[in-house]
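Take a look at the structure set out below.
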Amino acid sequence: MAKKSMIAKNKRPAKHSTQAYTRCEKCGRPHSVYRKFKLCRVCFRELAYKGQIPGVVKASW
């Protein structure tokens, strides 16, 4: 879980475009965030298994 200060800092606009980085909307994790869903891989997996992300199905081939 991210510190509240880091989450608040991330919500402010960055001074330069290269300073901006993505954080998970659910838990605040800064690494391995899927931009399309704004979720980290851990939260994405949990919500996908529960069926709470529309259009996401388990791969089978």
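Glycine too: its Cβ is placed from the backbone N, Cα and C atoms.
Taken from Swiss-Prot, the feature Zn(2+) binding site applies to Cys24, Cys27, Cys40, Cys43.
Every protein chain considered, the tally of other Cβ atoms within 10 Å of the Cβ of Cys24 (Zn(2+) binding site) stands at 22. The number of other CB atoms found within 10 A of the CB of Cys43 (Zn(2+) binding site), across every protein chain shown, is 20. Counting other CB atoms no more than 10 Å from each candidate's CB, the binding-site residues Cys27, Cys40 peak at Cys40. For the recorded Zn(2+) site, residues Cys24, Cys27, Cys40, Cys43 set the reference point as the centre of their Cβ atoms, and the other residues of that chain within 8 Å of it by Cβ are Arg23, Glu25, Lys26, Gly28, Arg29, Val33, Leu39, Arg41, Val42, Phe44.
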